[in-house]
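Notes to accompany the following structure.
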Amino acid sequence: MHIYDIRNPQDIKHLTMEELEALAQEIREFLIESIAKTGGHLSSNLGIVELTIALHYVFDAPRDRILFDVGHQSYVHKILTGRAGRFSTLRQYKGLSGFQKRYESEYDCWEAGHSSTSLSAALGMAIARDLNGEDYQVIPVIGDGAMASGMSMEALNQIGGEQRNMIILFNDNSMSISRNVGAMDVAFTKLRTSRPYTTLKSDLEQGLSGTKVGRSVLKGMKNVKNAIKDNVVNTSIFGEFNLDYIGPINGHDLPALIKVLQSLKHHRGPIVVHVLTKKGKGYPYAENDKDGKWHGVSQFDPASGQPLARVPAGHCSWSEVISRIVCDLARNDRDIIAITPAMKSGSKLDNFAREFPNRFFDCGIAEEHAATFAAALAASGKRPFLSVYSSFLQRAYDSVNHDIARMDLPVVIGIDRCGLVGEDGATHHGVFDISMLHAIPNLILSQPKDADEARALLQEAFAQEHPFCIRYPRGNVPYTKGEVQAPLGTWERWCTDGDPKVCVITYGGDVDRIREKALANHFAIEVVNARYFKPLDEKMLDQILYRPIPIILYESDMLDGGLSSAILQYINDHQIDRHLIRMGIGDHFVEQGSIAQLRKAEHIDINSLFSTIEELLACD
Ligand SMILES: Cc1ncc(C[n+]2csc(CCOP(=O)(O)OP(=O)(O)O)c2C)c(N)n1
Ligand SMILES: CC(=O)[C@@H](O)[C@H](O)COP(=O)(O)O
Ligand SMILES: [Mg+2]
């Protein structure tokens with residue numbers, strides 16, 4: 001059986017153990033080769049090969065519901081559910097998603113992208129099943145990073161109370177994206193080395209000796225099943241949640257996994273099956289990764305492990321720019337503290353952590369906690385820099401509102417990955433934060449157009465006694481060190497001609513892109529850099545709004561509640577008779593693809609803007 005022949009999990013159920021193990025090997029090779037071409041989440045998928053095979057071998061999806069937390073590790077599940085042939089389109093526009101998607105397959109019963117929703121979702125499914133009088137298993141597969149998050153704790157609390165049938169597959173590789181942190185990790189470490197492991201292992205070894213491989217191995221295994229059942233305990237940390245627990249089990253030992261799962265197939269009540277896996281298993285570069293560099297990768301050369309795309313000379317990622325500036329500022333201000341909810345490597349805070357180990361805090365996947373923690377640091381005289389991806393900041397909305405903004409505390413929030421992020425798709429686009437935050441009093445909301453302006457805004461941010469958000473996108477930017485000013489609530493503007501015929505109000509990297517194109521093509525336009533979304537530059541707005549030339553609001557985020565909404569509100573409140581041409585993302589979620597493709601599809605690419613400008617100039 002080769003992976004392209006697999007139409008659905010039924011196809012692997014008749015395989016012998018040798019054939020299943022050969023399949024595992026083939027899947028690993030396929031993953032490395034395929035992800036090297038497309039990019040994607042490599043390490044977690046390499047680690048979960050045997051576990052996913054065992055799950056589909058033992059359980060009967062789609063009747064039994066298998067749902068993957070986050071979903072970044074669902075590639076093997078996709079292969080086993082007949083989607084290997086689509087991997088060349090992985091994460092591409094209109095291609096195979098990098099996460100579970102209900103529209104993609106009947107085997108994808110749930111969708112995620114954000115962490116730690118699987119346990120809540122599993123409980124919802126289990127209770128619906130019971131209310132309907134149905135009988136199937138619900139199997140959330142959740143990693144150690146996601147397990148330690150607040151949402152998971154809330155779900156475990158209810159799961160332990162409800163006692164519904166559910167098999168929680170705890171895929172423990174001792175890693176989040178970077179190394180896992182905190183007390184839960186300590187508790188998991190105790191379990192990793194706990195007595196049931198050795199007991200179970202020796203019982204299994206005894207039970208397995210002399211057995212045949214394949215389906216027959218599952219017959220006549222009463223002694224093994226009993227041994228397994230005897231190892232179900234409730235004295236672990238999960239026992240405190242009123243859950244049965246078994247493990248830890250070697251997650252790369254396919255026969256053992258299959259036997260344990262088979263014995264638990266009809267387990268009554270909720271049970272945690274603790275499986276130890278190796279992130280990156282089978283690919284040495286990824287296996288030896290301590291910093292999360294192989295968690296999500298762009299295209300690479302499988303032989304050397306080197307990325308194929310090079311960062312242009314003199315450029316670095318926006319995250320890197322911001323992190324370097326925060327480091328510079330932290331050298332002169334001992335109160336600056338950096339905080340990340342589990343995104344140290346993606347947010348490029350590694351250098352800060354190395355240089356200021358006592359002033360760096362990785363809170364784990366805990367955005368809401370991280371924001372409240374930052375608020376308390378600020379209330380105690382510290383100057384926290386809270387770095388959060390825009391889409392994950394959605395989790396922390398209440399903490400930003402209730403704790404940071406309501407108490408007007410000077411937390412600097414670095415909103416990373418704002419705007420369209422590309423291949424991760426709808427769950428990860430950072431297009432909501434302006435709308436989401438604009439309504440919150442006391443918050444200052446900004447976005448720099450380049451590295452110099454980022455420095456100016458961050459200097460301004462740390463000088464303020466109010467919460468200050470600075471948002472920046474995925475992607476690279478020239479790393480410059482020029483001195484510019486960006487006083488609070490001020491915009492800038494330039495005319496490409498003394499007598500502009502159209503005014504374009506925009507922000508971020510688009511400011512210079514539009515200026516350059518207008519200059520190169522001799523378009524007589526004015527470009528406004530609206531670097532503060534809140535407060536607006538009302539002085540400049542008054543100068544702009546009363547002139548009789550068309551105004552285009554060119555945004556790369558949701559239109560609803562964005563910059564143009566704020567300006568329309570200003571127009572209304574000041575009874576100005578003015579119409580705005582608004583370009584931005586309409587009332588829908590944006591799927592995956594390269595940022596350029598998505599911008600084109602949403603009509604927010606530079607060509608669409610200049611077509612609009614051309615039409616306006618032609619009417620002049
Ligand atoms: C709310 C939220 N915060 C952060 C992330 C980014 N993220 C994706 S996977 C991941 C690590 C998850 O670790 P674990 O659950 O142990 O899975 P593993 O990658 O180790 O298989 C993180 C932090 C996210 N997807 N959602
Ligand atoms: C699955 C997940 O949430 C993260 O791995 C995310 O894909 C990281 O995005 P970046 O690649 O932009 O850091
Ligand atoms: Mg993990």
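Positions of Cβ are set from backbone N, Cα and C atoms, glycine also.
Annotations in TrEMBL come from automatic prediction, not curation.
Binding of thiamine diphosphate is attributed by TrEMBL to H72, G113, H114, S115, G145, A146, N173, Y283, and the same site annotation extends, among E355, E367, E453, E460, to E367. If you average pLDDT over the domain 'Transketolase-like pyrimidine-binding' (316-479) in this model, you get 98.
If you take the Cα of D144 (Mg(2+) binding site) and the Cα of N173 (thiamine diphosphate binding site), they are about 7 angstrom apart, rounded to a whole number. Between the binding-site residues D144, E367, the minimum number of other C-beta atoms within 10 Å of a residue's C-beta occurs at D144.
Residues H72, taken from the binding-site residues H72, H114, D144, E367, are distinguished by a CB atom under 6 angstroms from ligand 2. The thiamine diphosphate site in the record is lined by H72, G113, H114, S115, G145, A146, N173, Y283, E367, and its two most distant CA atoms lie 31 Å apart. Cβ neighbours of G145 (thiamine diphosphate binding site) (same chain, under 8 Å, six or more residues apart in sequence): S115, M175, S176, I177, N180, A342, G364, I365. DSSP assigns H72 (thiamine diphosphate binding site) to coil, not to a helix or a strand.
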